[in-house]
Amino acid sequence: MKKLQGAHLRKPVTPDLLMTPSDQGDVDLDVDFAAHRGNWTGKLDFLLSCIGYCVGLGNVWRFPYRAYTNGGGAFLVPYFLMLAICGIPLFFLELSLGQFSSLGPLAVWKISPLFKGAGAAMLLIVGLVAIYYNMIIAYVLFYLFASLTSDLPWEHCGNWWNTELCLEHRVSKDGNGALPLNLTCTVSPSEEYWSRYVLHIQGSQGIGSPGEIRWNLCLCLLLAWVIVFLCILKGVKSSGKVVYFTATFPYLILLMLLVRGVTLPGAWKGIQFYLTPQFHHLLSSKVWIEAALQIFYSLGVGFGGLLTFASYNTFHQNIYRDTFIVTLGNAITSILAGFAIFSVLGYMSQELGVPVDQVAKAGPGLAFVVYPQAMTMLPLSPFWSFLFFFMLLTLGLDSQFAFLETIVTAVTDEFPYYLRPKKAVFSGLICVAMYLMGLILTTDGGMYWLVLLDDYSASFGLMVVVITTCLAVTRVYGIQRFCRDIHMMLGFKPGLYFRACWLFLSPATLLALMVYSIVKYQPSEYGSYRFPPWAELLGILMGLLSCLMIPAGMLVAVLREEGSLWERLQQASRPAMDWGPSLEENRTGMYVATLAGSQSPKPLMVHMRKYGGITSFENTAIEVDREIAEEEESMM
């Protein structure tokens, strides 16, 4: 193949014999709507949005705990290896799909309509996650407001929500040093504040009897949705500006917490506990699985957020560079967050006279119990508490922007003539609907429903979606064709590393993750509460529903075609006639035009050699010889 460096930036010459006036009208209409779809106002908008999307709550409350329980510093070996095998390639693949087509998670499956069900599965998953994720933001807002006092309300016992088991955990000392406390039969004020005041979980008998709605949580959830709506009101035009603050300010707060943490007595004890390498853990398959899971969920692959953000890029945005900036930045942020968390936990363990592993927790237990308790031991505790929860707020909002933008973009791209002019109204309706669906999370037993959603909404179903996407693009659409599409955008083809990962390593890793999660399946639980069988069944069905959308989409695509079953499968697997770059100026090479005069017009790349004695197709951008054309035809 002859490569013309930089030529892809010029507008192609469209042969008149290949386009009818009606076709030209359609193209103009498409270009008009592509222009109205909008783009980021600057390249930094996209980069910061991706950073904000990936760097979320999991970096603070999941990575540090996973690191210290899976070998400390040795955990970084499988972590970065899985980042290279799975994280970076899948991240780049999703960005490439979105930027090349300028389409959301549903319409992007013009690449192969047979797999459009994977896009619907993405929307189901991201919708369920968005419902409970905003409830977590509501909890953060609750604690943020509670920090605006001279004394933190979870600092002491003696409040109406405390029980006889409440004990202010302060170390006892004698002349020879600290005497460790027996914490087995006691409960900290911060834990009772979280469970008995914020959640009021004692008012529920379980997931089947959620109890009453908590008006304070209900208002916090409403505020969270109002904030999200105002920030996505004008799509990426507004959210792209908000992230200049929400994606950068957390780093300032994290730095302040880190500096404060490492200067506390006992801090290095916690850091040593966090990073001391235990290389024998590397012999355990569990450690490698945990590393892959952390990478998979941390980068947000498969939720559609990356694809959506990239769809608003200009056609030649350097997403190759952006991929490495975001993925490596996400990893470094996770490690730094571990220093900030464990330095404070080391100080806390020294103050309590207990080992670090007795105070370290993961998930909400770290954010809403352990760390708030540690804040009460610091001078100016309300100030540090406010900073911590404000950091969590900004981290959570960035991810929520992506979830909502994914849903809105996907649906408006499917019905652009009706919804795109009313995108703000549609966004508001989505927020209202999700707020109403999330009200059950504000009840006394709302935490049980949140745990159920968290455990099943984005579990094995998400892995099935990503595996399907990877195989559909590389095996059905074709790895060579996909690499040439990337060449049109970036001026170079992905090398052997990306091809090997897309074809073999990434799908195999995800398949291993899915099998492991099924084999090691454990029923959901929250503390000592075990979920009833019907709740477990509901969760499993929730995960299966996203998987079933893929074969359901295949069935619909096949029924829309004509001919035998094999012919229908072939036709449904082929790219749609209008697949390719959205703007005419970027439709070069095989995408330069579609054939007219045929009873069933199909992409030019398939039929170019079959009409008018043309044996190759060429324009000012790319020249493709007879061998490549035959390869394209054989792929179909």
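The backbone N, Cα and C atoms fix where each Cβ goes, glycine too.
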| field | Membrane-side pairing of ASP151 with MET577, Swiss-Prot annotation | value | no
| Which residue, chosen from ASN39, ASN182, is annotated N-linked glycosylation site in Swiss-Prot? | ASN182
| query | If one measures from the C-alpha of SER582 (phosphoserine) to the C-alpha of THR588 (phosphothreonine), what distance in angstrom results, rounded to a whole number? | reply | 11
| said: With DSSP assignments reduced to helix, strand and coil, which class does SER582 (phosphoserine) get? | reply: coil
| query | Taking SER582, THR588 as the modified residues to compare, which has the smallest set of other Cβ atoms within 10 Å? | reply | SER582
| When you scan the chain for residues with a C-beta under 8 Å from the transmembrane segment (215-233), skipping those not six or more beyond its ends, what do you find? | 134-135, 137-139, 141-142, 145, 198, 239, 242, 397, 400-401, 404-405, 408, 424, 427-428, 431-432, 434-435, 438-439, 441-442, 446
| query | According to DSSP, which of helix, strand or coil covers THR588 (phosphothreonine)? | reply | coil
| Where else in the chain does the transmembrane segment (74-93) make close Cβ contacts, counting only residues six or more beyond its ends and a cut-off under 8 Å? | 66-68, 277-279, 281-282, 287-288, 290-292, 294-296, 298-299, 301-302, 306, 319-320, 323-324, 326-327, 331, 335, 466, 469-470, 473, 494, 497-498, 501-502, 505-506, 509-510
| request: Can you see whether DSSP assigns SER573 (phosphoserine) to helix, strand or coil? | output: helix
